[in-house]
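Here's the structure, in structure tokens; my notes come after.
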Amino acid sequence: MKMYAQRALVLLSLLSFATVSLALSSCTTLDLEHIKKKRVEAIRGQILSKLRLTSPPESVGPAHVPYQILALYNSTRELLEEMEEEKEESCSQENTESEYYAKEIHKFDMIQGLPEHNELGICPKGVTSNVFRFNVSSAEKNSTNLFRAEFRVLRVPNPSSKRSEQRIELFQILRPDEHIAKQRYLSGRNVQTRGSPEWLSFDVTDTVREWLLHRESNLGLEISIHCPCHTFQPNGDILENLHEVLEIKFKGIDSEDDYGRGDLGRLKKQKDLHNPHLILMMLPPHRLESPTLGGQRKKRALDTNYCFRNLEENCCVRPLYIELPTDLGWKWVHEPKGYFANFCSGPCPYLRSADTTHSTVLGLYNTLNPEASASPCCVPQDLEPLTILYYVGRTPKVEQLSNMVVKSCKCS
């Protein structure tokens with residue numbers, strides 16, 4: 001009994017002391033050059049591992065990459081940035097085996113023509129929607145490896161628009177049936193009709209997966225105005241038979257030739273890289289043999305917004321730019337030439353910076369047992385993907401590498 005009382009007094013004294021003088025983490029503080037060297041080696045191993053390569057490709061590809069391939073790379077990079085922003089806003093985090101390995105990026109441009117049996121002539125007067133068709137049959141053999149699919153369309157300003165904003169809704173077109181609807185609602189949002197051009201992105205993973213498994217279900221997508229068969233007065237009263245016109249214009253759709261709802265119109269430029277398209281992220285089967293699903297919640301940590309603006313001495317994310325040709329000695333990666341990989345550094349004071357009660361108890365335990373396990377260290381918490389462009393022989397590859405950019409840190 002006396003022994004337990006003595007231990008309790010020791011713990012209480014340690015708690016009192018910690019509130020006045022914070023003990024620092026025992027993790028060794030490294031100089032920048034040593035950190036950069038270790039980080040470079042880690043990145044080298046990460047990239048090869050995520051691509052399932054044992055060594056860098058010998059072929060470096062052509063000296064000049066075609067514009068179409070660069071456009072796909074840029075479009076993918078922009079899409080991933082949007083996805084990371086959405087993930088941050090929803091406070092969600094995915095940490096699965098499928099997240100780890102690199103994804104092959106495939107782009108499918110909109111094609112002309114309407115599918116059979118999907119005449120959606122509910123509102124014959126005025127243009128109330130646009131239909132978008134895609135041929136994704138080349139990806140059917142890898143249908144089970146679809147990781148994500150995004151529908152992207154470029155909104156362009158409409159100077160003659162009568163309203164500054166309009167609500168649009170995205171639908172999957174279904175085969176007509178007396179007992180089911182002709183459309184399946186996917187998403188909706190308010191969009192500006194004027195202003196600078198902007199890309200609109202919609203998650204259509206489930207829809208595209210259905211198309212890949214059942215080709216006959218691929219009847220296209222439709223963007224329609226909300227409540228297309230009537231419009232509204234300023235006070236909210238409904239005006240029947242006064243059809244609201246879709247005033248939002250999209251790049252690649254010749255609106256002047258649209259005369260009826262569901263009329264696709266014609267493509268202004270068939271090869272225009274800004275036309276509506278799908279981006280499919282596919283996980284090659286040889287990179288994932290036994291996929292698992294999972295997820296967890298996360299909380300905000302010491303991120304770049306805070307650490308890059310403040311002279312924080314404790315645990316924080318630090319900027320570190322890696323030049324792939326110079327630091328890695330690689331010429332086979334065409335884009336990017338370099339990127340901010342960043343790293344975590346700084347001491348972890350007990351009781352204040354630790355992110356869990358477990359870390360506090362661990363600190364006290366280590367004080368009583370100095371030869372036991374190490375104290376909390378400054379480690380990455382949030383990481384973002386990196387898009388790369390490289391060649392395998394003469395074939396260009398645009399792929400997404402997960403967890404390559406450190407965005408925030410924590411003590412753990």
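Glycine too: its Cβ is placed from the backbone N, Cα and C atoms.
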Ask   = Swiss-Prot pairs Cys378 with one of Cys315, Cys316 in a disulfide bond, so which one is it?
value = Cys315
Task = List only the single closest residue to Cys316 (disulfide bond), chosen from the recorded positions Asn74, Cys409, Cys411 by CA-CA distance.
result = Cys409
Request  = Would you mind checking how many other C-beta atoms are within 10 angstroms of the C-beta on Cys348 (disulfide bond)?
outcome  = 27
Remark   = disulfide-bonded residues near Cys307 (disulfide bond): from Cys315, Cys348, Cys378, Cα within 10 Å gives Cys315
Message = Can you give me the Cα-Cα distance between Cys344 (disulfide bond) and Cys378 (disulfide bond) in Å, rounded to a whole number?
response = 6
